[in-house]
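As written in TrEMBL, here are the features:
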type	residues	note
ACT_SITE	Cys295	active site
ACT_SITE	His354	active site
ACT_SITE	Asp377	active site
BINDING	Asn417, Asp419, Glu466, Glu471	Ca(2+) binding site
DOMAIN	287-380	domain 'Transglutaminase-like'
SIGNAL	1-22	signal peptide
Amino acid sequence: MAAKSVLAVSWAFGGLGPGGQAKRISVTKVDWLSRKNGAAHHTQEYPGPELVVRRGQAFTLVLELNKPLEEQETIIFTMETGPQASEDHHTKAVFQISEPEVGKTWTAVEEAQTENSMTVSITSPPNAVIGRYLMRTRVSSRRKQNDRKLGEFVLLFNPWCPEDDVFLDSEEERQEYVLNDSGIIFRGVEKHIRAQGWNYGQFEEDILNICLSILDRSPLHQNDPATDVSRHHDPIYVSRAISAMVNSNNDRGVVQGQWQGKYSGGTSPLHWSGSVAILHKWFKGRFKPVKYGQCWVFAGVMCTVLRCLGIATRVVSNFNSAHDTDRNLSVDKYVDSFGRTLEDLTEDSMWNFHVWNESWFARQDLGPSYNGWQVLDATPQEESEGVFRCGPASVTAIREGDVHLAHDGPFVFAEVNADYITWLWHKDESWERVYSDTKKIGRCISTKAVGSDSRMDITGLYKYPEGSWKERQVYRKAVRKLFSLEASGRRTRVHRVGGRGLWREDLLEPATRPNITGKFKMLEPPILGHDLSLALCLTNLTSRPQRVRVNLSGATILYTRRSVAEILHKSHSVRLGPEEEKKIPITISYSQYKEGLTEDKKILLAAMCFVTKGEKLLVEKDITLEDFITVMVLGPAVVGVAVVVKVTVVNPLLEKVEDCVLMVEGSGLLQGQLSIDVPSLEPQERASVQFNITPSKSGPRQLQVDLVSPHFPDIKGFVIIHVATAK
């Protein structure tokens, strides 16, 4: 049904009926008691005139009548949602005031009555269809009477209701995962994780209407509206539909992805600081996809939509995240003799990080063992049943290797637990396996901690300790389930580049460990605009001397680890004495990397080491360049009172820069987005910008700032401001 905001709060009928007879008894006016119901249902933050309540919980109305009810008369209610509403589809309910009862039907109970008014408590079933409802009433009598429209209200999922599939039994977690309108998304690399603020803004103007519109624009709804709406009682169905609609690949969804580093005709994914501007742009643009997004943008928008609809949701970042395209639970990377990825041969990939969502609900389709956190991913990576979407996949099922269960278990399992296998490609088109860290997939899986800005590591929810007996047992179980080895009794051949096949069991065996180790070590912090200084440390593990040929390569990359521009290509020959460690110094000047550097500010170094007796070792290091920005609030923050914010930035370059702009936003702190011109900055100059904000809402509020420049990638920062209520 259409998500337009329409609310008629009262109709007044007076005078006499036809022939001068007294008019029949009817409801003339309704008081929705929005303030009282909003507080009871935790919906008071939603703006606008219409009532917003949660299913499975009573809400109260005061009905005014044109005259008192007679003894045998009662009020009959009709609730309808969606087109072609029907009782068979559970999108229509007809019920009258009666005694209190607990069940899976709508009920109305009289709480109080005066001569011409009645206070009524209405309760929806805990599995009611969510969405916008039209309420009608009529008074029962011997004579036929038409229903009268009383207005519309919105019904949401209810994490506070024990009978609701989305019930979450922790008030602290409900406050965080349903009601918090800002959060933190973790990005970067495993060794250098950075926090980025994000404005979810689920209570901002029109956002609820837009979220309901997303469901209405789904192809599922367009093809069969009545059946689609009837399934909006189920968080599994709703979340899977939202996962498809947040990206635009199969429909006119919200966000269009772009991973090539070119963003003409749209907005760079790194420029977004929240979901509100994206959702408003999609809605006002008549559902034209918003350009552009990457994984954290898709996850941020999806978190807004699901929290808005009442499903507890959080954003999760997985570092060294696998993208397994051929469903063999391994990431197979083909490299040349300098360790450079051969992208025309390598279909799988390992992203520096990937961001998705988890939502909390019961899995009636799988059984109670799989209730709880469910993975949902709106980033369009692979199709699921013909549509770019992912999940919900039970986190418990992923940890236990139950990849056969709905939905998309193999893909999510590989993201966090695939083996990382490196193949050296020779000029004669033969290849051999090279020793590298096979256990690097799925590190530091992170989400914002409840009630604080700290990072919470949840890797243990997805898998057992890396390399442990239990983890390997689960991995083998997942392989067997995926390839049905137990059922068929046959070995499965896995396709490889060049047409050769490998037995799946062969891939479970590690490559031969060489007798040396290698590691890149930063000698100075990697700062944007500065030269990079580091060393490759090689150690001989034996008591005999060894000679090593080292081929070094380096490239600027996207966060998907796709190469952009080569910045290093050198060879060294090193003699290692018995158990000796040697360092090969490496310097990369700013002039070498500045032209190819993307907004991701990432560089990948590789060292392919050829050891005596044919042993080979690949060493890799991902580097994220650091920048500087601080945000301070100069005084107490109070609702309705202006307060000064000071932002300090540093020009990271050894040259003067101009045309910098500071973009500022924050729900409850600013109306829309604030743009502030920054004066020209001398080389490496530190400068401060001050501006006023006037908070409109109390409680912890997040202010995001983004220094935008045509000369260097965005520099982002945020601060949590605790806003007091005015006395």
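Quick reminder: no glycine exception, Cβ is built from N, Cα and C everywhere.
All features noted in TrEMBL, drawn onto the structure.
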residue: Cys295; record: active site; contacts (Cβ under 8 Å, 6+ apart): Trp351, Phe353, His354, Val355, Trp356, Thr379
residue: Asp377; record: active site; contacts (Cβ under 8 Å, 6+ apart): Ser243, Phe298, Ala299, Trp356, Asn357, Arg389, Cys390, Gly391, Val412
residue: Asn417; record: Ca(2+) binding site; contacts (Cβ under 8 Å, 6+ apart): Leu329, Ile398, Ile441, Gly442, Tyr462, Lys463, Glu471, Val474, Tyr475, Ala478
residue: Glu466; record: Ca(2+) binding site; contacts (Cβ under 8 Å, 6+ apart): Lys439, Gly442
Surrounding CB atoms that lie within 10 Å of the CB of Asp419 (Ca(2+) binding site), all protein chains: 21
Additional residues surrounding Ca(2+), by Cβ distance to the Asn417, Asp419, Glu466, Glu471 centre under 8 Å: Ala418, Lys439, Ile441, Gly442, Lys463, Gly467, Arg472, Tyr475
Densest Cβ neighbourhood among His354, Glu471 (recorded positions), 10 Å radius: His354
Within the domain 'Transglutaminase-like' (287-380), residues counted as helix, strand or coil by DSSP: 18 helix, 40 strand, 36 coil
